[in-house]
Amino acid sequence: MQGIWTTERIRAAEDLLLARTPDGELMRRASFGLAAEVAGLLAENTGGVSGRRVVLLVGSGNNGGDALWAGAFLRRRGVAVAAVLLKPEKAHPAGLAALRRSGGRVVSIADSPQWIEKADVVVDGIVGISARGALRPEAAELVARIEAPVVAVDLPSGVDPDTGAVDGPHVTAARTVTFGALKPVHALAPQECGNVVLVEIGLRPWLDEPDLWRLELSDIAAVWPIPGPEDDKYTQGVVGIAAGSATYPGAAVLASGSAVRATAGMVRYAGHAADVVRSRWPEIVATGSVTDAGRVQAWVVGPGIGTGGEGREILRHILGQGVPVCADADATTIIAHTPEVLDARDPDTPLVLTPHAGEYERLMGRRPGPDRVAAAREAAKKYDAVVLLKGHCTVVAAPDGRVAVNTPRGSWLATAGSGDVLTGLIGSLLASGLDPWLAAAAAAQVHSLAGALAAEDVPTSASGLVDAIPAALRLVRAIA
Ligand SMILES: NC(=O)C1=CN([C@@H]2O[C@H](COP(=O)(O)OP(=O)(O)OC[C@H]3O[C@@H](n4cnc5c(N)ncnc54)[C@H](OP(=O)(O)O)[C@@H]3O)[C@@H](O)[C@H]2O)[C@@H](O)CC1
Ligand SMILES: [K+]
């Protein structure tokens, strides 16, 4: 798992490291790595480094200092470097002196447009982890002129370092070069960061438990249930699916199919779409009601069950079974409107909730807002449940405070029925006995991987997602 630390934690660790490191050493490490990445991008895009043109946008702090030092290193490789100082009186003195010594040029804001237009790469050193809010007008005006690919120093300026929120003009980078450790912006604002490259500066020993996690494919491979020689259809966990209706069987077919494809364990279906489910997935044991469904190790409940009295009774029955439950879609709405259904739950049995922003609002009485990590954490605490907050980046919070962020692979999952597929994946992992937070986070990753594989650059459908689950799992196991 990759750790991610908030800027407050990064700053505290940097203070400890700075106190033990010669003056300027950390910035030199950071900017040397930055210069190498800029040179790499120049070579990729233009076929060379020497003679290419780089413009540095330099703000008033150390982020600008990194850019200036990187400019000095790039000069040694024959790059023509021009620095635009947004606040000349506050530009990092040692960095500016180094750039000048190396033969780099400083251009005024008034002259900068012609330089920006001719640049092969623009380096965004406007603001780093001390950033607050969107770009200020002067910086925004320069950024609007950029046509060349941008390398962001530490993070794209104008994007909030701790929430990834964007609230006005900001930089959109082709590559973000960060130092010492990943910050929340890197996981939460993938579209603005582009490719994220981490340059080691020796910070890691000064950081303890991360604030957020990102699962790697090897983590998923390590926990995904694969049958061993001793296993049979029951030992791997039986998942029950209570979804869909006679009029709307789609949710039932998708959630059940996803569970069938996710693990080799058995899948039971209970509800009004039993005939349709059975004909599409003959391996599923389907019955008409949750009361005669037989024993399962986890339940998925909600998609398409309706929000009326029958849905409520189904949910109440399932919550009383003493096994982990993934409550999705209509079940979320039922919980929001009649929270007393949760009285049926044994507090020790795991519950996973999977709200999108609208469902979150029903559950919590307000929208998630720009700090989606805090929003998910709050809901997890309130409901004593793992909360998977859907969005472009999925945030998975456990009641104990652990948070995983799933950086998407494209926007392919924005298709009808996609949520039903995710809930089937979560249910089958819960049935295998996996920690519910890990189950939800791993399911979200495999879901987005299946989306990317199914789409292959053209739109896909939820059925396509179900069909791509085996390929996604094959890839997970191959990479691990
Ligand atoms: N510490 C270390 O060991 C290492 C640190 N390193 C580097 O230092 C960076 C952090 O540097 P930092 O703390 O000096 O502040 P930084 O982010 O450059 O901001 C500067 C000033 O910008 C302003 N400003 C704020 N918001 C703004 C906005 N929206 N739009 C425009 N301007 C805005 C505000 O100043 P103001 O104008 O308000 O006076 C703020 O004080 C870090 O990201 C990394 O790159 C690396 O070298 C590795 C070693
Ligand atoms: K920056």
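A Cβ is built for glycine as well, from the same backbone N, Cα and C atoms used for every other residue.
Whatever TrEMBL says is automated annotation, not expert-curated.
Residues or ranges marked as (6S)-NADPHX binding site by TrEMBL: 62-66, 128-134, D154, A251, G304, H356, D420. Annotation source TrEMBL lists K(+) binding site at N63, D124, S157. Among the features that TrEMBL reports, AMP binding site is placed at K390, G391, H392, C393, T394, G419. The domain 'YjeF N-terminal' annotation in TrEMBL covers 10-209. Annotated domain 'YjeF C-terminal' per TrEMBL: 216-476, in sequence order.
Look at R132 ((6S)-NADPHX binding site): DSSP puts it in coil. Note on proximity: of the binding-site residues G65, I129, H356, the one nearest G391 (AMP binding site) is H356, by Cα distance. Note on the binding-site residues G65, G391: the fewest other CB atoms within 10 A surround the CB of G391. Taking a C-beta cut-off of under 8 angstroms and a sequence separation of 6 or more, C393 (AMP binding site) has the following same-chain neighbours: G164, A187, L188, P190, R372, V405, N406, T407, P408. Listed in sequence order, L389, K390, G391, G419 are the same-chain residues six or more apart from H356 ((6S)-NADPHX binding site) with CB atoms under 8 A from its CB. The Cβ neighbour count for I129 ((6S)-NADPHX binding site), using a 10 Å radius over every protein chain in view, is 21. With respect to ligand 2, the binding-site residues D124, K390, G391, H392, C393 contribute D124 as residues with a C-beta closer than 6 angstroms to one of its atoms, given in sequence order. Packing around D154 ((6S)-NADPHX binding site) is summarised by its Cβ count: 29 other Cβ atoms lie within 10 angstroms of its Cβ, all protein chains included.
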